[in-house]
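Asker: Feature annotation from TrEMBL assigns domain 'ABC transmembrane type-2' to A:23-252. The transmembrane segment feature in TrEMBL is assigned to A:23-43, A:63-88, A:109-130, A:136-161, A:173-193, A:226-249.
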């Protein structure tokens, strides 16, 4: 199938360029690890006040949040790289080849997903050292969630970047969207601590349900409707992100 | 002319522009229905000032923009019905470049070829031969960002030729290059056509480039083709050469003009300060007659025969100079 083949060519080129700049992969990983080391211990103390509910370990609350944050922030910024590529003429050059235009997006998204898989795995391994206890399948599901959210947000990021074609308009938009999404998802503290209006607002945020879902799994509760709901929303987000991204890449003059 | 390799009829592109402030929303006709015919193996120069519609036309012919109207076939493939067929036939070197500065030149060439379904080994072999032909030996392992402007531009051309296209579109290939690199680039472009019989369609707003490189020229202004022909044909259409006589003073110029028109007949002329400018069909043969017949009674401080440049052609066709647009 030609789209798979084209995607592979675009992926291997993008991956090769990323591996040549491993410093970015390390920086991307550094942020969640700083959260683990510098913020995690605070949560351990708060957890003793039972704000999180009965018998809940602070790391089981915190690590799923960090994983979702990694998926969101690790992927949202990839658009900057695309604008640079566009400015160098790389996108235009590839769009004149017979390669499927969707593959020009999918190859890049695949590269981002692989990078996030590595970062997510590292994050979970470091969290284990800090004292995280959770079922192994939940940790696998957590890393998979990072990768899936990454596919969604990388695709959206590329789509928006290719529409705006300017770092100066992309950066404020990114901050304006990603930060509220992050704060309203209860990544750092559970939204059950929030006043009513804030909780209502956060219920409209799909990421909140993804975080709750991963937390339910980390507690060992696979059959909890919250966990299933989280998985469903994650899959829907991926479909939505890829649909928007491919639409932009297929559009003329993109 | 046999079957044209590019055949565009009434190609048109309109954009809608959002209103801003007191401006109402409106539609802008960037390209107003152009006809373009290019024969296989030609080097055609597409000449016009910035904003004339050159790049928009090029982007339509290379499937990057959907035309608002009109039809075109490129290498026999219909632009609207078979864009992939068109893409297989063409190479396109955009004004903005083709390569990532952090990527390695050889890898960019191989990856580009693979997007056309060319085997990695064949691509590497072909890429190295292309680089060598473009005097780029030894850059295979280098990062594109470390190349000089001229090298990077020649690498762009190699990227556009790696799949051996039937037609290559070059958008402003020499912009930003120093004179030596430009001359060198022109030589390479000519060789591509001579060696591979590739049709070359090149946009430029430089007169010297169009003049030096093209077999045939299309002049576009405000989205319309305003002239077509070989460089010589276009120059001839301007009406001939100019003979410039410089009088000893501005006062003597009128008498000099009267004497000259008496000899040459009633040719178009104008006086500009102490210079008399006469337009004649053939300046080189008119000048000796003129000097002999006018006799020694007139004090001529200087003579010059000026052949029309493409700049003059452009001025005649559009009423403004190409250079005005560069400011």
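From the backbone N, Cα and C atoms, a Cβ is placed for every residue, glycine too.
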Asker: Considering only the recorded stretches A:109-130, A:136-161, A:173-193, A:226-249, state which has the highest number of Cβ pairs under 8 Å to the transmembrane segment (A:63-88).
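Answerer: Of the candidates A:109-130, A:136-161, A:173-193, A:226-249, A:136-161 scores highest.
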Asker: Give residue numbers and ranges for long-range contacts of the transmembrane segment (A:226-249): same chain, 6 or more residues beyond its ends, CB-CB under 8 A.
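Answerer: Distant Cβ neighbours of the transmembrane segment (A:226-249) are 101-102, 104-106, 109, 141, 145, 148-149, 151-156, 158-160, 162-163, 206, 209-217.
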Asker: Same chain, outside the transmembrane segment (A:23-43) by at least 6, Cβ under 8 Å from its Cβ: which residues?
Answerer: 58-59, 61-63, 66-67, 69-70, 73-74, 115, 118-119, 122-123, 126-127, 130, 188
Asker: Grab the same-chain neighbours of the transmembrane segment (A:173-193) for me: Cβ-Cβ under 8 Å, and only residues 6 or more beyond its ends, written as numbers and ranges.
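Answerer: Result: 39, 46, 51-53, 61-62, 65-66, 68-69, 72-73, 76-77, 79, 157, 160, 164, 199, 201-205, 207-208, 210-212, 215.
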